[in-house]
Amino acid sequence: VIEFDDGSGSVLRIQPLRTPRDEAIYECVASNSVGETSATTRLTVLREDQLPPGFPTIDMGPQLKVVERTRTATMLCAASGNPDPDISWFKDFLPVNTSNNNGRIKQLRSGALQIEQSEESDQGKYECVATNNDGTRYSAPANLYVRVRRVPPRFSIPPTDNEIMPGGSVNITCVAVGSPMPYVKWMLGAEDLTPEDDMPIGRNVLELTDVQQSANYTCVAMSTLGVIEAVAQITVKALPKAPGVPIVTERTATSITLTWDSGNPEPVTYYIIQHKSKYSDDLYKEINGVATTRYSVGGLSPYSDYEFRVVAVNNIGRGPPSESIEAKTAEQAPSTAPRHVRGHMMSATTAVIQWDEPEEANGQIMGYRVYYTMDPTQHVNLWEKQIVRGSNFVTIHGLIPNKTYNIKVLAYTSVGDGPLSPDLQIIAKTGGCGNIISLFSFQFPPSHTDFRGEAKSETSILLSWNAPSQTGQENQVTGYELIYRKRDDKEEKQISFEPTTTYLLKDLKPFTTYTFRLAARSKHGVGAYTSEISAETPQTLELRNGILTQYTVSYAPTEGEDTAARQISNIPPESSQYLLENLEKWTEYRVTVTAHTDVGAGPESLPHLVRTEEDGMCPLKQSFSFQSSKPNP
């Protein structure tokens, strides 16, 4: 006897049948607390040789079948007889019910049994039964196996990273598959965000609102075959934080190498390095697009103090700067010569040479070397020299009277020597009042008060200069000697002319460069010639700005208690020099000149620094001459 699964009945199965042993009337009795009922049936067992001609025959019975779960399984059955028999099915000795499974299990018109969306419970032993008026025949049983695939969980839609603004919302979807299907939950660190009693299968959507800070969320998929995880990074967009304080790792005379810590857990797009001179009020200069946390800032001045700081930039914008640091570049040899080299004869054989520090010392000046010679054609290494430390002057003894000396000065640091100054030429002669006059070579910075040449036409050049200082009537300049030549020619021409501060040289060749040297002449003879200058005759000349109406001279002491500037106005426009009188002895003055037209005053000239003599035996006067020039439009 085989009971139905739901307890609603049972089946009496007699196997194998024997005749006449099993022929009998069988009664089925059903009872409960109310009462009972029964039904009877007669079982007749026939041998094969006793079967009537129309007895059912199984032409094709079910065969062994293996099907994957959720796939369709069809168990075939074909029978014949007279009349045509009805076909029914048994599974595990119980009749198959095709009416209460929503059509998932149905019997086809051909008699075959079709099982859709097969389940593990469909697995079993199936029999096909053919019945007509002559009797009933069972097929041989056939097994149906439902194979269940065992697949570990995997993410079919893994969670994705997101960037949101502060206070924003985002939904993160996570989908996992497998066999059996896995449960899916969300975690933040060690905290479960999905309740254990409400854990969905296969798909879980995490809804985040009012997100204020970045975090990593973990999706966990688990089944009996394993546990897998995937992380979604939620980044809250914000300006980057200030990087760490920069550290100086290397330094040269013109560069500083910095390293720093990012200071940001989130990615930084690039960095900006800001730098400026420590003592400057200028804004920071910026170097953009720095991709690493190490950078060498170049183009700096030697032995100079700078401030540095770093700014981080992301796709939102730039953050605050780091703390600033101060760093000094390394020393370098001076890149310019000592300035304003000048001399003063103390006697016919003794001279005092003075100078100012180089404009670009590039370090701490350790000292100066003063070179002097009567033969400037020799290499400077063969000249006489004196080393000076701790001062900006030197006294040279043992000079030969009435000889011309060339003098050069250089400054040096701990790194090396700077360039030599332009030649200073001196010649000593006895002058009035017992003084020694010194005729100095003219230096040629770009100032209109020094020896210079300017084209006036295609065939003429105007030369201008500042007359040398004159002490006493005996030392007055009586004229000048000019030597000039074409730059490409060796042949020189010489011209003498009366005292003046300008000279127009005519009958020159157009489009040609000429070189010039000038010397002052007094009753004692010709002084030292200037260094060579050049000027070119152009094709056309530029027009000038209006007509000069006057000059204004401004002068002021650079030292002492009273450094207030004085002005002398209404100097006639045809003047080219002016004598400043009643000045302090052995005092340096800063002198500038301004030209005026009917429109107004022009720009002030570059300053000229000049020092008065210290000997007070003769009248104390200092002359300052200038060349009037009009600015081009």
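Cβ atoms are placed via backbone N, Cα and C, with glycine included.
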Stated TrEMBL location of region 'Disordered', expressed as one of 122-141, 322-341, 602-621: 322-341
Rounded mean pLDDT for the residues that make up the domain 'Fibronectin type-III' (242-332): 94
Residues from the same chain, set at least six apart from the ends of the region 'Disordered' (322-341), whose C-beta lies under 8 A from its own: 242-248, 251-256, 260, 263, 278, 300-311, 353-365, 368, 392, 407, 409-422, 424, 443, 609
